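Per TrEMBL, these features apply:
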ACT_SITE  K114  active site, proton donor
BINDING   K78, K102, S364  substrate binding site
BINDING   T205, N237  NAD(+) binding site
SITE      D166  site 'Important for catalysis'
Amino acid sequence: MSLKGKMENVLLQEEPLTRSGFLMKKVGEKMGLEKEIIEDIINPQHILILRLPVKFWGKVYVTWGCVVLHNNARGPYKGGVRIAPDVNIWETMELARLMSLKTAVTEIEFGGGKTGIRLNMEEVYKFFKKEKDRNFEKTLHLDICEELSYQINRYLMDHTYIPAPDMGSGPEEMAFIYNQTHDPATVTGKPEGIAGWLPGRKESTGYGCSYATKIFMEEILGAKLKNARVGIQGFGNVGSNLALYLYQMGAKVIGITDLYGGIYDENGIDIPSLFEYVKKNYTVKEFKKESITNEQLFSLDLDVLIPAATGHVINETNASKIKAKIIVEAANSPITKEGMEILNERKMPVIPDIIANSGGVIASMEEYSRSLSAIKISKEDVFGIIRKKIEDSLRMTCEISKEERISYPEAAIQIAMVRIYDAMKKRYHI
C-alpha cells in the first residue's frame, strides 16, 4: 500500500490539492514514474503530533503542533518553526514539501521538514485573563519552543531535523532550542554572537529575493531594476530586508502593506526611515498619509509585485486583476493552483518561491556546516554563495522553461523532482 493510502486511513481525510502537489504529480508523470513512486516523493516520511503545555501564574495552557519530516534523501530534514493561529497539519505538510523542493533546486545538501504550532493569542489572553502584552507574547513563544526542543530532542541531537526561524519565531527562539541541545549545529538562525551564528543569516532571505529579482529583470527580461515600481505585501523579516535591498539597488518601492495596514507613495517610500518607524510602532500603518489595502496593492500598475507575507493570497478571485509585469514569490506558496493557472494564461512571469526565497536555507546550509567545523565566514562570503546558488538555479529554470514551453514554477519543480528521485533511488528509499 502506498504512503498516501496509509496516511488517508489514519487522518480520515485526503490532503487538499496544492500547487506543488499538482505540479509534482504532473512532472512525475512526464518522467514516466509509477503512481506509487510519485506519491512517495510527494508525501511526508514522518508526521509527529505534539501536545505542548506551558505554565504561567500557576495555570497550564496547552497548545498543539506538528513536525512534518518530508524527505531526507538529499540530507537532514530542514525547515522552520511556524507559530500562528491558523496553522494546520496540511499547511505544515505543504511547507515541508516546499523545503524539499527548495533545497533540491538550489543543490543544498538538506531535505525538507517543518514545524507548525497553532497559537491563538486571543484565546491565550482569555485563558489567563490578561491584557495584551508584547513581552508576555514573546515569553510564551520562547517557552513553547523550549518545550518543543524537549519533545523532539532525539531528532535534534542526531541532526535528523534541523529547525530554523519562520513566521512567529526568530533568533531568540532558536537560542532557546540551542540552550537545550548545547550543540550549535542542531539549529540555524541563531542570534549574533552565540556559538555557530552566521553573519548575514537574518537578512539572507530578503537579500536572496532581491538578487533573484535583479537577475531576472536585467538578464532574463532585459529590463532595468533601477526606478522599477515595486509593491510588497508584508514587512516582517523577509519583506523589510527585501525592501531595503531593493531600495539600495535603485528600485522605487511605492506600496507596502502589513497585517495592520498599508502605505503608498507614488514617488517611492523612504525605506531606511520606514525601518526606524516600524521599530517603534510595529507596523507600517500611518507612516505615510496615503494608505493602501492589499486589494489595492495587488491592482497597482507595477513592474514587480512581491507577496512576502503568507500563503494563498493570489488566487482565482484576484489573479486576473494584477497589473504587475512580474511576480516574485518571497512568501511560501503565495499563489494558489487556480491563481497560477490564470497567471499562466495571461503569460505573466512568476519567479517561484523555491528559488526566490531560498536565500535563507542557503545561508542555513553555511551556518550548519560552519557550526560543525567552527570555521567562521564573512557576511560578504555568505551573500556571494547565495548569489551563486540563486543565479545558477534561476538560469537553469529559465532554460528549461524556454525549451519545454512550461512555466517557471513547473520548470523549477522539474529540476527538484529529478534530483530528489535520483537521491531516493540511489539510497534505496524507493
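Placement of Cβ uses the backbone N, Cα and C atoms for every residue, glycine included.
Shown on the structure are the features that TrEMBL records.
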{"residue": "K78", "record": "substrate binding site", "Cβ contacts under 8 Å, 6 or more apart": "M99, T103, F110, G111, G112, G113, Y161, I162, A164, V361, S364"}
{"residue": "K102", "record": "substrate binding site", "Cβ contacts under 8 Å, 6 or more apart": "I108, G112, D353, I354, I355, N357, S358, V361, A416"}
{"residue": "K114", "record": "active site, proton donor", "Cβ contacts under 8 Å, 6 or more apart": "V67, V68, H70, G79, G80, R82, T92, M93, L95, A96, M99, D166"}
{"residue": "T205", "record": "NAD(+) binding site", "Cβ contacts under 8 Å, 6 or more apart": "N237, V238, N241, L242, A330, N357, G359, G360, A363"}
Field: Among the substrate-binding set K78, K102, S364, as the record gives it, the longest Cα-Cα distance in Å
entry: 13
S364 (substrate binding site): secondary structure state under DSSP, collapsed to three categories: helix
- prompt: Which one of these binding-site residues has the most other Cβ atoms within 10 Å of its own Cβ: N237, S364?
  reply: S364
Structural state of K78 (substrate binding site), classified by DSSP into three states: strand
Query: Taking the centroid of the Cβ atoms of K78, K102, S364 as the substrate site, which other residues of that chain lie with their Cβ within 8 Å of it, listed in sequence order?
result: G79, M99, T103, I108, F110, G112, A164, S358, G360, V361, I362, M365
